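According to Swiss-Prot, the protein carries these features:
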- C50: active site, nucleophile (ACT_SITE)
- T49, C50, N51, R52, S105, E110, P111, Q112, Q116: substrate binding site (BINDING)
- G185, A186, G187, E188, T189, I190: NADP(+) binding site (BINDING)
- H95: site 'Important for activity' (SITE)
Amino acid sequence: MSLVAIGINHKTATVDLREKVAFSPDKIHDAMKSLASRTRSGEAVIVSTCNRTELYCNNGDETDIIEWLEEYHGLEHQDVAPCLYNYHGQEAVRHLMRVASGLDSLILGEPQILGQVKQAFVKAKEAGTVALTIDRLFQNTFSVAKKVRTETEIGAAAVSVAFAAVSMAKHIFSSLSTTKVLLIGAGETIELVAKHLKDNGVASMVVANRTLERAQSMCEEFNATAITLAQIPDFLPKADIVISSTASPLPILGKGMVEKALKQRRHQPMLLVDIAVPRDIEPEVADLDDAFLYTVDDLHSIIEQNKASRKEAAEQAELITEEQSHLFMEWVRSLESVDSIREYRSQSMAIKDELVERALNKLAQGGDTEQVLVELANRLTNRLIHAPTQALTVASRQGDLNTLGQLRTALGLDKN
């Protein structure tokens, strides 16, 4: 078995490239089936978030997987390859465990990524691209992530990209008690944003979503107003802060719409935070004098503060992922030994069946019973000891004392 993890994230690539290799929710099912067809085991999971796209495969060729990624998105090798990272075996296992535990996140220890990895796993099972090894890998990973959160302080005062977005808003506006916020999207990230905003006493919130029912459901919890995406132009001029995170393949807010809203606001400043990949807000909005546009790549100062405060907890968590990845690989190796044992037993049984059948034929032809049984025992013994005898002979001739010692131990020759 050969586990491979290939990916791109916020540390290796800009948001421009990340959005080009991202997989939209409506296409990821077919993408996983396509990727799995390029592996020998048919096992593959794609984790695609605003900060990373990662491919986890069992028995896949690294070069072939990279070619698949480039072909799928229509990208040139020289544009993608320098930003990719890859892990094999235990390092691939440990990387997934670190990702799910929040140790590789833009904001150290953020809990949202675990839910995203779980969702990717569920989609892979629905696509039929999960078998024994990948299933065990992800189930173990979820247990490790839980262990990290319960046994370390990595989850204390848990933060996320949503937390960072609200922290930036607090930094720009001295108080949120008089600010009006427009949230675009109604997914998990925006729900976290709404929670942080409510905790900080924001004056009012409006939630715009493609599906009004989903927005209304969320608004009940946060005493907010729900609108459709088509109503955004009417509410945008009233917003001091706009935070957007949808799965839209095209921008939701264009420069023209924001420019018109700023004129209606008499050029009062507007903070826009785009935490979606692909981006929800056209980059050209940043050219407007009274618009202050930030993306996930602009949150580094908050992230660095977070990393510093959690360094000790992260070190403890790293030890857990190292230990657990080692244990998982022991299980993988045990599977390989099971296959070897099964093959050896099958081979031995085939020899036994062949010789017993030959002995029975001789008895049926009137052969002497004692002579037939002795011959059977001798032939069976010689056939079964042939392979280990050859191995002992080769090790002895080559002076390979280490192998010779291991063979003697395995054959029980040193017990007396």
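Heads up, the Cβ atoms here are built off N, Cα and C, so glycines get one too.
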If you measure every Cα to Cα pair among T49, C50, N51, R52, S105, E110, P111, Q112, Q116, the residues listed for substrate, what is the largest value in Å?
15
Tell me which of the binding-site residues P111, Q116, A186 ends up closest to the residue listed as 'active site, nucleophile' in space, Cα to Cα.
Q116
Candidates Q116, T189: member of the binding-site residues with the richest Cβ shell (10 Å):
T189
Just to verify a number: CA distance, T49 (substrate binding site) to I190 (NADP(+) binding site), in angstrom, no decimals.
14
Chain-mates of T49, C50, N51, R52, S105, E110, P111, Q112, Q116 with C-beta within 8 Å of site centroid, substrate:
G102, L106, I113, S160, V161
If you draw a 10 Å sphere around the Cβ of T49 (substrate binding site), how many other Cβ atoms fall inside it, taking every protein chain shown into account?
24
Determine which residues of the same chain, besides G185, A186, G187, E188, T189, I190, have their CB within 8 A of the center of the CB atoms at the recorded NADP(+) site, and list them by sequence.
L183, E191, L192, V193, S245, T246
What number of additional C-beta atoms lies within 10 angstroms of the C-beta atom of I190 (NADP(+) binding site)?
25
On a simple 10 Å Cβ count over all chains shown, which one of the binding-site residues P111, G185, G187 is most densely packed?
G185
Relative to the Cα of N51 (substrate binding site), which of the binding-site residues G185, A186, E188, T189 has the closest Cα?
T189
Nearest of the recorded positions to Q116 (substrate binding site) by CA-CA distance, picking from H95, A186, T189, I190?
T189
